[in-house]
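Q: Take a look at this one; I'll ask things after.
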Amino acid sequence: PKVTQSRIFLDTGSSMWSVQALEMIVGKIPFLQAVNGSTVMLPCTYASCIGIQDLYFNWQFNDNGTMQKVCESLIVNEGVEPHVEIFRERVEFVGKNRNNNVSILLWNITFEDGGLYTCFGRNPKEKGRNHSAIFKLIVVDELRVVDNTLTIMIASAVGGAIAALMGFMLLKNFTIFVLSKIEEKNKECLVTSSGIDNTENGLSGSKADSKPTPKKK
């Protein structure tokens with residue numbers, strides 16, 4: 001998110017160390033595209049590791065270089081709902097300081113509402129340092145439908161190629177497996193045939209016929 005922040009340094013005698021101060025945060029995506037006539041929320045939260053006291057905040061709209069105040073208030077302590085003064089029509093404070101939320105709602109937006117909005121904060125605990133984050137609102141006639149035909153075609157082609165490659169590899173492995181089994185079978189047949197030939201020729205391991213030696217009278 002686009003935020004501004006500062007660090008304050010505390011003197012601890014022999015060493016210096018820093019802590020992160022106040023942050024104003026408008027989210028990971030600091031812009032929104034909305035249709036003319038709709039209602040939108042401009043998000044903003046604050047965070048501070050040293051706590052707040054009498055935190056001043058406001059929303060401002062950049063009207064062709066002139067900053068116009070949208071609303072403002074003072075937050076006494078975290079969790080306390082502030083009384084917000086609103087300066088523009090169709091604006092509602094919806095954050096209510098719940099979970100440090102200071103978001104606002106814009107009702108029935110027009111093209112004139114499009115532009116840059118700044119969420120500003122100042123914590124007296126930081127001796128008047130200012131912090132802000134910018135959110136962009138884009139107002140359009142209608143939301144464009146993105147044509148994903150080309151993306152789908154490319155994804156299908158790539159997926160088909162991968163499937164064909166996997167099929168080829170499986171067929172190759174199966175063929176190798178079958179050929180190895182056939183080779184093993186041939187070896188077994190050769191061994192068996194050799195044993196039969198040796199038996200018939202009366203070689204080692206065969207039962208050759210023998211005649212008894214005649215006795216001398």
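Quick reminder: no glycine exception, Cβ is built from N, Cα and C everywhere.
Unlike curated records, TrEMBL annotations are generated automatically.
Residues annotated as compositional bias 'Basic and acidic residues' in TrEMBL: 208-217. Annotation source TrEMBL lists domain 'Ig-like' at 1-136. The region 'Disordered' annotation in TrEMBL covers 196-217. Annotated transmembrane segment per TrEMBL: 150-171, in sequence order.
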Q: Checking distant contacts: for the transmembrane segment (150-171), what same-chain residues at least six beyond its ends satisfy Cβ-Cβ under 8 A?
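A: Those are none; the list is empty.
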Q: Mind checking how the domain 'Ig-like' (1-136) divides into helix, strand and coil residues in DSSP?
A: 9 helix, 67 strand, 60 coil
Q: What mean pLDDT score does the domain 'Ig-like' (1-136) have in the model?
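A: That stretch averages a pLDDT of 87.
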